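Q: Sharing a structure, written as structure tokens. Questions coming.
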Amino acid sequence: MTDYLLLFVGTVLVNNFVLVKFLGLCPFMGVSKKLETAMGMGLATTFVMTLASICAWLIDTWILIPLNLIYLRTMAFILVIAVVVQFTEMVVRKTSPVLYRLLGIFLPLITTNCAVLGVALLNINLGHNFLQSALYGFSAAVGFSLVMVLFAAIRERLAVADVPAPFRGNAIALITAGLMSLAFMGFSGLVKL
């Protein structure tokens, strides 16, 4: 049980996918202008990353390894992610049309989010079992969502702040992301994996 807690805390805070591994930067910068959109994208990404981790582990363990087709791993995982994203898109469209309109093009772009593919590939490379894979996918997504929501809240405050003209827009956003990354480095000694 302690191992699973350490995996969760380590993935969310210490080895955050956005601020430490630099995966998922496109939606991190693109969808984080409004808190509402960032929260919706975080929830959708959490669902996709968790489900994609589970499906990728199952396909790798039950199909690719027994048939000695591990060279098709990346292609198979991309296809799995595409199917999971389409399923998520249908669910979001039915349950929350407002969120579906807010996310716009970013929802299908979860397919190309390198964090989703990264979590599937890292699960295999780290040798996780089924429960660890599911938890790792969920933890990575929680860390991604946490950083997105924090960053969106900061960006909303910066939008009304008195920022010097050369730093407005993406410049201050990148500086803020760098400062967030430094803040998360404070967790680096918390968990040793």
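Cβ coordinates are placed from backbone N, Cα and C, and glycine is handled just like the others.
Below are the features I grabbed from Swiss-Prot:
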- 5-25: transmembrane segment (TRANSMEM)
- 47-67: transmembrane segment (TRANSMEM)
- 72-92: transmembrane segment (TRANSMEM)
- 102-122: transmembrane segment (TRANSMEM)
- 134-154: transmembrane segment (TRANSMEM)
- 171-191: transmembrane segment (TRANSMEM)
Q: Which residues of the same chain, at least 6 past either end of the transmembrane segment (134-154), have a Cβ under 8 Å from a Cβ in it?
A: 4, 7-8, 10-13, 16-19, 24, 27-28, 31-35, 37-39, 41-43, 45-54, 57, 115, 119-120, 122-123, 126, 128, 173, 176-177, 180, 184
Q: Do the transmembrane segment (171-191) and the transmembrane segment (5-25) come together with 3 or more C-beta pairs under 8 Å, pairs six or more apart in sequence?
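A: Between the transmembrane segment (5-25) and the transmembrane segment (171-191), which are separate recorded stretches, there is contact, as judged by 3 or more close Cβ pairs.
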Q: Near the transmembrane segment (5-25), which residues from the same chain, at least 6 beyond its ends, have a CB less than 8 A from one of its CBs?
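A: Contacts with the transmembrane segment (5-25): 45, 113-116, 118-119, 132, 135-136, 138-140, 142-144, 146-148, 177, 180-181, 184, 187-188, 190-191, 193.
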